[in-house]
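Novice: Handing you this structure, nothing more for now.
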Amino acid sequence: MAFSVQMPALGESVTEGTVTRWLKQEGDTVELDEPLVEVSTDKVDTEIPSPAAGVLTKIIAQEDDTVEVGGELAVIGDAKDAGEAAAPAPEKVPAAQPESKPAPEPPPVQPTSGAPAGGDAKPVLMPELGESVTEGTVIRWLKKIGDSVQVDEPLVEVSTDKVDTEIPSPVAGVLVSISADEDATVPVGGELARIGVAADIGAAPAPKPAPKPVPEPAPTPKAEPAPSPPAAQPAGAAEGAPYVTPLVRKLASENNIDLAGVTGTGVGGRIRKQDVLAAAEQKKRAKAPAPAAQAAAAPAPKAPPAPAPALAHLRGTTQKASRIRQITANKTRESLQATAQLTQTHEVDMTKIVGLRARAKAAFAEREGVNLTFLPFFAKAVIDALKIHPNINASYNEDTKEITYYDAEHLGFAVDTEQGLLSPVIHDAGDLSLAGLARAIADIAARARSGNLKPDELSGGTFTITNIGSQGALFDTPILVPPQAAMLGTGAIVKRPRVVVDASGNESIGVRSVCYLPLTYDHRLIDGADAGRFLTTIKHRLEEGAFEADLGL
C-alpha cells in the first residue's frame, strides 16, 4: 500500500512551504516518523516525518519547489511495492542474526506502537498553551521510544510564539511511538506521541530490540553513526556526549557560546535552551567589569558595551531570523497595517517622585524584597488614568464596528530578553497597590528573561507600558499591540533647567528632573484630544507625587 506524503499545515496563516532539503533519496528505506524532508515557511523551518514505514518510491516536489498546504511531496511504498528497492531492507535484519531471538521481535514492536494506537495506547496531544496559541514546536523529547513514564512526568519540551514549556505524560506506561519529531510544528490537538499503558505492554523487554530500527540508542555501536548527522557539531565529542537540538545549537551560535563548555541541566546531561541563555548571561557579566573599572562613577556606560561581544561575530554574515524575531516582524507590520497609529508626547516634572523614591527605596527594598524603581509609579498613574478615561482602555472591532470598554486594567510591560522583545501581562493590575505593582513587575520581568512565563501571561493585555528610558532614550514612537488601543513609553528621567513658579506666582529657573511620556494611540478609536486628556491626568498624578501613603512615609 502506498502512502502520500503531503505538506502539512505549519501555522495558522501558513498556506505553503518550500522544500529546502531531502533527507532521503528514492529507494531509501524509512521508518515511521523518521525525518524525511526539510521544509521552510514564512514562520518556521522544520522537518516533515514519514507517515509510514516503507521505501521512498517517488519524490514529487524537488528542492526549492514551493508546495501548497495539502500538496503532495512524495510517495512511500511498502517493501513489496518497492520491488528491488525493498531488497536491502531485509538484509539489515539478518545482519543482527547473532542474536537470533531478538531479531524477530522488532517487527512486532512496530505494530505494537501502531496497534495500541488504535485502542489501547493513549495519545499525547498538543495542549492549548495560551489564549491565542494555535500551534507548538517540539524542542526536545525527554523520553525515547521504549522508555517507561509516570503520570505527569515531563515527556517533551515544546515552544510556542509565547512560551516554552514541558508537556507531561497523561498516563503511566511506555512510550510506544513518537508522532512529532524535534523541530516539528504541531497544531493544538495534534498528536505528539502515544503511551501504551503498562498492562497493555506485556512485552516489557521489547524496548531493547525495538530501538534497532530506530537508530537512537547507544547499545549498538554501528547504529550510532546514523543519529550523528543531526547533531554534526557535537559529534566529535565521543559516544557519551549528550544530544544537542538544532534550536540549542542555533542559539549558541547566535550568542557565540562554545557548547563544549556548557553544563547541561536536562535529562542525561543534555544541554537545554536555558543553559545556553545562562551561559550567555554569565559571559556578558564577565565582560561588563572592564568598562566599569575605567568609569566606576558612571553606571550608565555599563549597558552599551555588553551587547557588543555577543553580536560582534554577526558582522559580514547572513543569519536565519530567530522565531521571536520573525514573530515580532510579522506582528509589528500587521499592527501598522491594521490600525491608524500616531503618537503624542507630554513632558512631566518627576522631581517629587525622584525625591520620594530616594527617601523610601532602602526601607522599601527591605520590607518588600524588591528594589523600588520608577516603573511602579508610572504604572500606578496609568491605572488611575485608565479608570478615569475608559475609552483608552478599550478596543475597536473593524468587522463588527463595535467598541469594547474593559472593566479591568490588564497591563502589559515590554521586556528586553536574550531571545527578543516580549510583552508579559499583569492581569488585574488595577487591584494592586504601588508595592504590589513593584513586586509583580519585578517577578514577571525576571521570569520573562529566564523563559519561565506561563502562556496566559503573554496575552490578554488591555494597555502596555514600554520603558524606553532604560537605555537612555528620551522619547520614541511605540507600536501598538492589537487589539489594544494605546501604548505608553516612559523616557529617561534627566535633569534640565526649567521655569519654576512658586505659590505667589513668582518665576525662577531651577534644576528639575523631567521625562517625556510618548503615547501611541489608535486614531480609529481615540482622538488627539482624548489622548491629551489621558496624558494630562497621568502628568498631574506624577507631578503631584502623592504616594507617601503607598510608601509608608
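We number each residue from 1, going along the chain as drawn.
From the backbone N, Cα and C atoms, a Cβ is placed for every residue, glycine too.
Straight out of Swiss-Prot:
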- His523: active site (ACT_SITE)
- Asp527: active site (ACT_SITE)
- 84-100: compositional bias 'Low complexity' (COMPBIAS)
- 288-300: compositional bias 'Low complexity' (COMPBIAS)
- 2-77: domain 'Lipoyl-binding 1' (DOMAIN)
- 121-196: domain 'Lipoyl-binding 2' (DOMAIN)
- 243-280: domain 'Peripheral subunit-binding (PSBD)' (DOMAIN)
- Ala2: N-acetylalanine (MOD_RES)
- Lys43: N6-lipoyllysine (MOD_RES)
- Lys162: N6-lipoyllysine (MOD_RES)
- 81-125: region 'Disordered' (REGION)
- 204-238: region 'Disordered' (REGION)
- 278-321: region 'Disordered' (REGION)
Novice: Using Cα coordinates, what distance in whole Å links Asp527 (active site) and the residue listed as 'N-acetylalanine'?
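Specialist: Each residue's Cα considered, Asp527 (active site) and the residue listed as 'N-acetylalanine' end up 62 Å apart.
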Novice: Distance check, please: Cα of His523 (active site) against Cα of the residue listed as 'N-acetylalanine', rounded to an integer number of angstrom.
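Specialist: Their Cα atoms are separated by 57 Å.
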Novice: With DSSP helix as H/G/I and strand as E/B, how many residues of the domain 'Lipoyl-binding 1' (2-77) fall in helix, strand and coil?
Specialist: 0 helix, 39 strand, 37 coil
Novice: Provide the three-state DSSP residue tally for the domain 'Lipoyl-binding 2' (121-196): helix first, then strand, then coil.
Specialist: 0 helix, 40 strand, 36 coil
Novice: Given the active-site residues His523, Asp527, which one has the fewest other C-beta atoms within 10 angstroms of its C-beta?
Specialist: Asp527
